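Features of the protein shown, as given by TrEMBL:
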TRANSMEM  A:20-45  transmembrane segment
DOMAIN    A:20-439  domain 'DUF112'
TRANSMEM  A:110-136  transmembrane segment
TRANSMEM  A:148-181  transmembrane segment
TRANSMEM  A:193-217  transmembrane segment
TRANSMEM  A:259-281  transmembrane segment
TRANSMEM  A:319-343  transmembrane segment
TRANSMEM  A:355-378  transmembrane segment
TRANSMEM  A:390-408  transmembrane segment
TRANSMEM  A:414-444  transmembrane segment
TRANSMEM  A:465-488  transmembrane segment
Amino acid sequence: MGVMDGILEGAKVAFSFHGILFVLMGVFLGTIIGMLPGLGPITAIGVMIPISYGMDANMALVMMAGIYYGAIFGGSTSSILLNAPGVAGTVATAFDGYPMAQQGKAGKALAIAAVSSFIGGTVGVILLMLFAPLLATVAISFGPPEYFALMLLALTAIASLSEGSTIKALISGTLGFMVAMIGIDGQTGTSRFTFGSASLLSGIDFLVIALGIFALAEVFKLIITRNDIDSGPNKNIGSIRITKSELKEMSGPASRQSVLGFLIGVLPGAGATIASFIAYITEKKIAKKPEEFGKGSIKGLTAPETANNAATSGAFVPLLSLGIPGSGTTAVLLGALMVMGIQPGPMLFTEKPDLFWGVIISMYIGNIFLLVLNLPLIPYISKLLNIPRPMLISLVTIFCLIGVYGISFNTFDLYLLLAFGIIGYLLRLVSFPAAPFILAFILGEMIEQSVRKSMTISNGSFMIFLERPITLAFLIITVLSLALPPLLGMRKKIKSIE
Amino acid sequence: MLSSQNKKVSLFLIVLGVVFVIMSVRLPEYPLVPVDADAIPIILGCLLIFLSILLFFIKDEPKDSEDSEQSEPFFNADRKMLFLFGGFILLYIVLLEWLGFLITTALFIFTSTFALGYKKHVTNIIVAIAIPIVFYYLFNYVLKISLPKGILPF
């Protein structure tokens, strides 16, 4: 079947009544959860997994994807209105969005953010349509050694690109990998680290990790900060009209950053957060009046908002065409898909074109819905920011508990959830990033299996990883991504001494 | 010697890594595969030890204001609240299958929202009763995931 037929199949899925209904549901929920400070897309997707049981896989994927980009879209609202980013990807949005809101132009800021997000999201999806099949065609020839090297690259990239210390990120990843080792080994049947518990034989469910390390840990953090942010935005947000000259000012950063943001999103390890910061910095560097940045500049608001949404589309490239997530959020998305029995990857492109293209085409519809939701309706939706924190904390906790109980009907998993919530909170307390943990947990078993399959193919020789050009290239990039930053840092130090 | 946070965390992780390696080495052998079940865990344990040793020699980042209050007692108001909330969750898990979803959840929402400082008690009661009923209906009848009914007859 050709690509055109696949796109048509996908369009049938996306434009069906259910397709439209579920993408609307996804982006709506994503907007709301993304908007609430402290709760990010990972929590949003995790909480929705139990709801999606028994749903048609196509529709579940369409909805989950909608939640993801909807959350990034919605996160900008609280960045602008409260100066409290709803999600990490919209931190840079507050730099110019919040000053604008303080000048009484909150409505305008929200409108600019919505239009920029729409442009970034839509351009991102167009590029996704071009890139994903291309990559899938290449990836179809990948064997276990290539996958091993690629996953290793994804892990080290997220560690070296994440905020703060690389060592801490690597430790976080190692810990996640270790937790993935719990349970019966698929190849030999050895039960590992189960301490004789029958409940641990099948390993720890990824939902326990996702909801514990992310959602519950975020709830614990909210308990500490619940009194810091005064809840509720100002009543009057002002006009949401954008003038022609303002649109003209937006056009430059929007067109540049939608492409740049997408490319950053495709890279393993870098996502919406990094894309938005890079966009903000580059636009500030090339701007004619950089002094306006940080004081309510239209360009300064457009750049990160375009880039973070474009990056979200970009993140779907490795997820859909390789089956390898490049970020914490896409890792949870992958976990959610596997719960539903879908294994993303190059085979998805050839064997389930309706699913592959269905989700991509639904993103066009989703972005249009988001524009509508975020423009005229935003004054009403932003009222949800008035939910009192204590109530929010209790309700999200209940969501986590019931979500986990709904998959296992076993209170043992609930105790595990609480334990991982505490671990996740402690990790944050000592500033260890949580994203490498979840990525390593989800990739861990796949990495182990791919190493062992490779070694079985090669009869126990390590040469298999060095003889294949693609594998070797990935491994070299992996080593460079770890070794270069410290070496460059040392050179800087030596120079500064001289 | 253990003044810095990184050093404390590092030592804890080194101990964890050593225990993990010992446990991995003691896994039963399976001779028919080139890479046995213990190989990757041993590598991971050693990696953790190696990274933790590196961490030991890294200076702490400048602390945020929230961590810097060294003189404050260990059980400050926030920590107390965290422990209390953790206790509520624990209690919820213990009671869930016995009292049933509806009662336990209603109790949990009301008490924890109250404990976290929400003052409008009537709203709290309405939410604490309405939300469990909506969830229960949604899960049991729409999604066909049966939540524990406990001591209630429905």
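Using the three backbone atoms N, Cα and C, a Cβ is placed for every residue, glycine included.
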Below 8 angstroms Cβ to Cβ, which residues of this chain, lying six or more residues outside the transmembrane segment (A:319-343), approach it? 40-42, 45-46, 48-49, 52, 55, 57, 60-61, 64-65, 68, 131-136, 139, 142, 147, 150-151, 154, 157-158, 206-207, 210, 214, 265-271, 349, 352, 355-356, 359-360, 407, 434-436, 438-439, 441-443
Which residues, given as numbers and ranges, are at least 6 beyond the ends of the transmembrane segment (A:110-136) yet have a Cβ under 8 Å from it? 3, 7, 69, 72-73, 76-77, 80-81, 93, 97, 237, 240-242, 246-247, 250, 253-255, 257-259, 261-262, 265-266, 298, 301-303, 305-314, 316-318, 320-322, 345-346, 348-350, 356, 360, 363-364, 366-368, 370-371, 374-375, 378
In the same chain, which residue numbers or ranges, 6 or more beyond the ends of the transmembrane segment (A:148-181), come under 8 angstroms Cβ to Cβ? 142, 192-193, 203-204, 209, 267-270, 273-274, 318, 322, 324-328, 427, 430-448, 450-451, 454, 465, 470-472, 474-475, 477-478, 481-482, 485-486
For the transmembrane segment (A:193-217), name the stretch out of A:355-378, A:390-408, A:414-444, A:465-488 with the most CB-CB pairs under 8 Å. A:414-444
Going along the chain, which residues at least six beyond the ends of the transmembrane segment (A:465-488) come within the CB cut-off of under 8 Å? 142-143, 145-146, 148-150, 152-153, 156-157, 159-160, 166, 454
Stretch-averaged pLDDT - the domain 'DUF112' (A:20-439): 86
